[in-house]
């Protein structure tokens with residue numbers, strides 16, 4: 001694999017639902033090891049962008065690429081190279097965290113021993129005494145950890161996160177941010193849709209603000225100040241920018 | 001991949017509280033109805049055996065009398081139901097349970113349970129069959145209506161899609177897993193039924209085969225409902241819409257289609273009324289069928305032929321009993337006319353049955369119910385087989401008494417007599433019910449309809465899989 005090819009690319013991406021243009025000419029490149037945070041209000045096009053990489057939507061024009069290949073032409077790319085964590089990690093309530101992890105991994109053609117499964121859950125921050133409990137009793141943060149364990153097991157090239165810290169308490173959000181950062185440091189590309197400015201600034205390398213489907217502004221997360229980011233974000237949200 | 005999905009669906013369904021609740025309710029319901037049905041069947045079989053034995057003994061112990069007068073004493077015969085009838089009594093509540101055998105006239109069966117119910121009958125007619133063919137599909141609908149829509153609503157479908165799970169494998173895996181869990185819950189009920197049947201009835205190999213095929217077909221039937229429910233759950237966007245559509249389908253399949261089919265059949269192929277039926281038989285015997293001449297002409301022709309055959313000029317000079325020969329001649333004609341009308345009536349029943357299959361386009365329940373009663377030996381075809389055998393027996397014993405009458409008298413005298421040894425020499429009615437091959441040939445159309453529904457349900461599942469979107 002050529003290191004110069006970004007892991008995730010959106011080229012002139014347009015996604016339309018009936019008369020509504022949800023994503024409008026989006027261009028984006030996320031290389032290996034980079035966390036890219038997409039900020040924006042409801043309906044800005046963040047989730048639609050993520051859904052398009054996952055092939056839940058088809059582009060109306062333009063394209064998305066995973067390591068230079070279109071997932072819409074080769075559906076296997078999604079299974080092999082992407083990990084997905086929605087706002088509420090969807091798991092089967094009647095099964096334990098361990099069973100959920102094993103089930104999803106088996107469907108992704110990953111065979112885990114019992115020890116490996118426990119180790120993955122522990123690495124993701126889920127306490128050992130919770131592994132065998134049914135997910136119905138899990139908090140949102142615990143579910144996120146099972147989702148992270150699935151993503152880790154997949155050894156995916158990129159992780160797509162849709163509002164991952166929404167509803168988490170500050171401690172859990174901080175813990176989650178650290179684990180995302182660690183994953184990126186191991187070489188994973190991360191695309192994260194979020195409302196959470198603090199979280200974006202804390203974990204991301206680059207930050208983009210979307211409005212009405214367009215990427216209206218981009219920042220280097222390491223250099224932009226929190227106040228500046230907040231003012232820009234609010235200005236776009238209020239239609240002042 | 002599909003094995004993993006099947007295993008997960010199996011475990012998840014078993015852990016789902018709905019299945020346990022429904023399973024317990026089903027077990028109680030099934031046990032109640034099945035015990036009532038089995039008790040009713042056992043009572044009926046015992047009663048038939050007891051009354052049959054008593055009636056034959058009364059026949060055997062008649063006093064010394066004219067053989068034809070003895071024949072008028074008559075014999076009752078009964079159709080013994082198979083043990084499978086405990087699961088599906090079929091037409092038993094509406095068809096007679098006994099046949100009265102007498103000279104000159106072929107009778108219809110009489111004493112239907114609907115008109116003369118035993119205590120267990122008040123528990124509800126055909127209730128075990130109702131649980132198996134109507135309530136269990138409803139239970140499947142209750143278990144499966146949200147099998148895919150719930151995954152869509154909770155987001156797990158997106159997770160599965162992101163893992164590249166093949167939609168076809170997902171839906172068929174769900175089908176197999178759900179059915180496996182369903183049968184685990186159903187197993188105690190079936191085990192209970194098996195224990196009761198084996199403990200209370202003598203089972204032949206044919207009975208066992210009939211039961212086995214019925215169980216297999218019931219499984220196919222449940223599979224059809226499960227496949228359609230999963231397909232609908234994948235096709236419609238919400239659980240509510242899916243449930244509404246599936247309940248409507250269940251209602252149409254179980255209740256409306258059979259009635260529409262029956263009403264249509266009655267309109268397209270009406271049966272004669274009982275009075276019309278018997279009047280036509282009487283008229284045809286009196287006036288004769290085409291080219292046969294009326295009763296008087298036939299009697300004269302027979303007398304002339306008989307006199308010529310024995311070379312005498314008067315019937316009083318015949319070396320054998322003329323009265324008996326004349327009666328046999330008239331009875332033979334009566335048998336011919338009765339057979340014609342009985343066959344026409346029963347052919348019309350079959351025509352109605354075929355026409356009622358038009359209702360099968362609306363759901364698989366009609367075909368399954370028809371198959372079920374055929375395999376239980378409680379359908380029209382088995383009833384007809386019994387009635388034909390009984391008619392053969394009637395002709396046998398009437399002819400036997402006429403033989404004694406003819407051989408023990410001369411000319412027009414009426415002096416022939418018979419005694420207990422004669423009556424006892426009449427063989428018992430020994431009915432051999434047809435085997436499973438007869439049942440399967442009879443039910444060819446129903447089998448075909450059920451297989452068509454199975455193909456349709458699998459086709460709809462595949463169609464829903466192709467267009468399944470998270």
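Yeah, the Cβs are placed from backbone N, Cα and C, and that goes for glycine too.
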Listed range which TrEMBL flags as transmembrane segment, given the options B:61-85, B:86-110, B:211-235: B:211-235
Given ranges B:241-258, B:259-276, B:277-294, the stretch to which TrEMBL attaches the annotation transmembrane segment: B:241-258
Range annotated as transmembrane segment - as stated in TrEMBL, picked from B:20-39, B:40-59: B:20-39
Stretch of maximal Cβ-Cβ contact with the transmembrane segment (B:175-199) [cut-off: under 8 Å; candidates B:20-39, B:130-149, B:211-235]: B:20-39
